[in-house]
Amino acid sequence: MNIEKFTTKFQQALQEAQSLAIGKDNQFIEPVHLLTALLNQQGGSTAPILTASGANLPLLRNELNAELSKLPQVSGSGGDVQVSRSLVNLLNLCDKLAQQRQDKFISSELFLLAALEDKTLGDVLKKCGVKKENLQQAIEKVRGGQNVNDPNAEESRQALEKYTIDLTARAESGKLDPVIGRDEEIRRAIQVLQRRTKNNPVLIGEPGVGKTAIVEGLAQRIVNGEVPEGLKNKRVLSLDMGALIAGAKYRGEFEERLKAVLNELSKEEGRVILFIDEIHTMVGAGKTDGAMDAGNLLKPSLARGELHCVGATTLDEYRQYIEKDAALERRFQKVFVGEPTVEDTIAILRGLKERYEIHHHVQITDPAIVAAATLSHRYVSDRQLPDKAIDLIDEAASSIRMEIDSKPQPLDRLERRIIQLKLEQQALQKEDDDASRKRLAMLEKELGEKEREYAELEDVWKAEKAALSGTQHIKAELDSAKTQMEQARRASDFAKMSELQYGVIPALEKQLAQAESAEGKEMTLLRYRVTDEEIAEVLSRATGIPVAKMMEGEKEKLLRMEEELHKRVIGQHEAIEAVSNAIRRSRAGLSDPNRPIGSFLFLGPTGVGKTELCKTLANFLFDDENAMVRIDMSEFMEKHSVSRLVGAPPGYVGYEEGGYLTEAVRRRPYSVILLDEVEKAHHDVFNILLQVLDDGRLTDGQGRTVDFRNTVVIMTSNLGSHLIQENSTLDYPSMKELVMSVVGQHFRPEFINRIDETVVFHPLGKENIREIATIQLARLIKRMESHGYQLHFTDACLDFIGEVGYDPVYGARPLKRAIQQEIENPLAQQILSGKLLPNQLVTIDYVDGKVIANQ
């Protein structure tokens with residue numbers, strides 16, 4: 001018996017049969033070993049053939065195991081097994097059957113026909129319901145009238161089952177999400193599919209607009225019979241490129257698989273529509289030196305109209321891959337899929353709502369759906385509807401589900417805090433100094449309070465979780481009943497349809513209403529409804545933009561914004577008021593949604609608080625004064641440096657890195673942008689800023705649009721500072737007019753015209769400097785406290801520092817130098833020499849022209 005005459009699959013099965021015999025301590029490889037190996041073979045055709053011929057596979061497996069257990073076992077044979085006489089006879093019979101069929105290689109399905117001639121196996125197969133006529137029909141169907149002329153012939157069989165996913169079968173079983181709207185695009189696709197030749201639509205659109213959903217909608221329409229006669233009873237198969245490429249080790253294997261798929265499709269004679277998602281992957285797939293890629297293999301079938309194909313790809317990839325291949329492009333008809341409007345998105349979300357409710361076991365309210373569509377459209381600019389809105393709904397529902405399944409956040413926070421306190425308690429118990437004992441007493445008091453609070457909350461949580469009954473189980477049953485009703489309607493099974501429509505479904509709906517009314521009681525810890533607030537929270541977490549409803553505390557904070565900013569910025573009432581009003585307009589939802597929150601030009605002499613106000617604003621909004629995009633415009637003095645802001649153009653070094661300004665805003669869409677010393681930049685930089693100030697958008701070097709609508713743009717400049725110094729006694733409007741005449745000479749009118757407000761900063765007086773000295777000395781007190789020293793400054797000392805630090809030309813900056821020289825330097829010397837001891841009050845006074853420290 002020449003083993004080379006067997007197909008690859010048959011050879012693998014023989015090896016498995018040998019392993020099975022060795023494992024069972026059998027001396028001979030019997031036919032029962034080989035049939036068991038064939039039945040368990042991955043990707044083999046034996047199991048599908050037996051199923052098609054009406055065999056009972058579980059019974060067959062049991063019978064084969066029983067036969068295996070009857071075989072004699074020989075221990076100590078050293079694993080040497082031989083082929084039994086009966087198996088040799090069956091393999092010879094297989095060879096004879098192959099010659100009758102004019103096959104060059106012996107395939108595994110012929111062994112089934114030969115097995116019927118064997119006494120033992122023949123009895124087992126007949127007992128399991130296998131008849132010779134049925135088996136022969138099943139084999140012929142699998143072979144498809146082809147001879148076995150290749151050792152890999154078995155692997156290319158049933159290519160459609162192996163390498164495609166049946167979307168119509170999934171639609172029949174209700175596994176596809178409902179497709180709402182998109183009638184125009186589906187109608188256009190159907191129109192192209194009905195052509196005589198070149199009947200291949202390709203859906204082109206941005207990622208996330210619903211191209212794949214359109215094909216799923218087409219499959220659902222075919223199943224429901226809502227298509228023209230030419231498309232009725234057709235199957236929509238989705239080509240699985242991963243399965244097609246996976247495991248294709250040798251050259252030509254991928255092409256062989258694809259050719260097998262195309263051959264089977266041509267045999268279907270137009271009854272199958274092949275859907276290729278990401279069709280651009282076909283161009284270049286399997287391409288090696290001298291080999292054809294998949295795109296070229298498709299061309300003849302597409303041109304002749306043998307292959308009904310629907311493709312889907314994005315605009316960029318269509319241009320990059322398919323438009324370059326003009327011969328492939330002309331075989332497809334383009335169907336553009338645009339982004340749906342907010343209203344269409346709301347309709348789509350309402351259709352999907354039930355599926356997401358069943359999956360997450362939560363309830364999604366209508367305001368949440370409206371909020372997901374409107375908020376994602378406004379605040380997520382780099383993605384498309386409906387995908388970004390669906391993501392918001394999905395994530396919000398997931399977070400609610402996570403809360404129900406796991407400990408609620410208040411409980412979790414308390415538990416972590418208790419663990420933290422216990423660890424601290426253990427560490428402090430080992431210390432014996434006064435400070436540690438004091439801290440331990442405070443800590444134990446806090447620990448007791450937290451543990452009591454935790455116990456109370458845990459009881460509430462358990463009670464609420466028990467109250468949430470099984471509405472989701474009823475919802476899943478209801479969804480299943482509706483799917484069954486659709487299947488009954490398609491099969492014209494009116495008895496089952498009426499039973500479901502008038503019996504089962506109304507009963508389930510009644511149960512659901514009762515369960516939901518029981519759940520409707522107010523809950524304190526657990527939430528099971530997704531509302532617009534949850535959607536806003538998810539969006540805020542993802543983008544950093546505060547769109548969630550303002551808490552009372554935040555409202556009060558915004559109303560007292562000037563007061564908060566004045567704690568760090570002394571004087572400059574006009575500037576603080578202008579910035580505060582812009583932030584309040586934005587948070588109240590009154591600002592223009594197509595412009596930045598506010599754009600300001602701060603003018604004034606050096607050291608009066610222009611940059612400090614930006615830092616204070618960033619600290620107010622984000623609790624971190626470094627949370628702002630600070631760009632020193634003095635770095636952009638040359639014309640070519642403009643590209644650093646938006647990124648280098650294609651072909652230049654650094655193209656992939658993106659721009660300094662655009663990348664920072666893409667990562668943090670809600671931020672304060674400080675353009676410091678703006679007058680020092682090249683004039684071309686201002687041309688870039690025109691779009692930012694007017695439309696709140698900027699296109700970077702890679703062609704991506706960056707959204708600036710949630711930023712506060714602040715530019716600082718020293719222009720006209722000499723006029724401010726010289727005319728400090730003038731009233732604010734007159735001074736502003738004077739300074740604006742200088743600004744108008746430096747900046748272009750179109751730039752000045754786009755700025756929301758130009759604010760002139762006043763020079764600082766002596767009383768302002770004294771207040772700033774108080775703020776800066778308070779920071780020094782805080783720094784010293786961390787080292788164990790308690791400082792106190794007398795009024796005389798404050799007056800002296802204010803006097804020394806005052807300079808009408810340089811503003812508040814000399815004050816820092818005065819504090820260093822007059823206070824910090826002597827303090828450092830006294831601490832290092834041991835004259836000042838920790839944990840005691842140090843009074844710093846100004847006596848007889850000297851700053852002295854007393855303890």
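Cβ coordinates come from backbone N, Cα and C, glycine included.
Source: prediction; values computed, not measured.
The ATP 1 binding site feature in Swiss-Prot is assigned to GLY205, GLU206, PRO207, GLY208, VAL209, GLY210, LYS211, THR212. Per Swiss-Prot, the feature ATP 2 binding site maps to GLY604, PRO605, THR606, GLY607, VAL608, GLY609, LYS610, THR611; the stated evidence is similarity to another entry. As annotated by Swiss-Prot, coiled coil applies to 390-522. What Swiss-Prot records for 3-145 is domain 'Clp R'. The feature region 'Repeat 1' is assigned by Swiss-Prot to 6-71, with sequence analysis given as support. Feature annotation from Swiss-Prot assigns region 'Repeat 2' to 83-145; the stated evidence is sequence analysis. Annotation source Swiss-Prot lists region 'NBD1' at 158-339. Annotation comment: Swiss-Prot describes 340-544 as region 'Linker'. Sequence annotations record features per position, and here Swiss-Prot assigns region 'NBD2' to 554-763 based on similarity to another entry. Residues or ranges marked as region 'C-terminal' in Swiss-Prot: 764-855.
Secondary structure by DSSP for the domain 'Clp R' (3-145): 93 helix, 8 strand, 42 coil. Sequence-ordered, the extra residues of this chain that approach the ATP 2 site, with Cβ no more than 8 Å from the Cβ center of GLY604, PRO605, THR606, GLY607, VAL608, GLY609, LYS610, THR611, are PHE602, GLU612, THR716, ASN718, PHE761, GLY811, ALA812.
GLU206 (ATP 1 binding site) falls outside any helix or strand according to DSSP and counts as coil. Comparing local CB density within 10 A for the binding-site residues PRO605, GLY609, the maximum falls on GLY609. Burial estimate for the binding-site residues (GLY205, PRO207, GLY208, GLY210, GLY607): highest at GLY210, by number of other CB atoms within 10 Å.
Looking just at the region 'Repeat 1' (6-71), the mean pLDDT is 82. Under 8 Å, Cβ to Cβ, and six or more positions away along its own chain, LYS610 (ATP 2 binding site) finds ALA575, PHE602, GLY604, THR716, PHE761. Comparing CA positions across the binding-site residues PRO207, VAL209, THR212, the one lying closest to THR611 (ATP 2 binding site) turns out to be PRO207. Least crowded of the binding-site residues (VAL209, VAL608), judged by neighbouring Cβ atoms within 10 Å of its own Cβ: VAL209.
Within its own chain, THR606 (ATP 2 binding site) has ASN718, SER721, TYR810, GLY811, ARG813 as residues 6 or more apart in sequence whose C-beta sits under 8 angstroms from its own. Looking only at Cα atoms, GLY205 (ATP 1 binding site) sits nearest to GLY609 among the binding-site residues PRO605, GLY607, VAL608, GLY609.
Here the Cβ of GLU206 (ATP 1 binding site) has 16 other Cβ atoms within 10 Å, regardless of which shown protein chain they belong to. In the region 'C-terminal' (764-855), helix, strand and coil residues by DSSP number 51 helix, 18 strand, 23 coil.
Apart from GLY205, GLU206, PRO207, GLY208, VAL209, GLY210, LYS211, THR212, the ATP 1 site neighbourhood in this chain, defined by C-beta within 8 angstroms of the site C-beta centre, holds ALA312, THR314, VAL337, GLN384, ASP387. Cβ-based neighbour count (10 Å, all protein chains) for THR611 (ATP 2 binding site) stands at 17. Taking PRO605, GLY607, VAL608, GLY609 as the binding-site residues under consideration, the smallest Cα distance to LYS211 (ATP 1 binding site) is found for GLY609. Around THR212 (ATP 1 binding site), the same-chain residues six or more apart in sequence whose CB sits under 8 Å from its CB are ASP277, ALA312, listed in sequence order.
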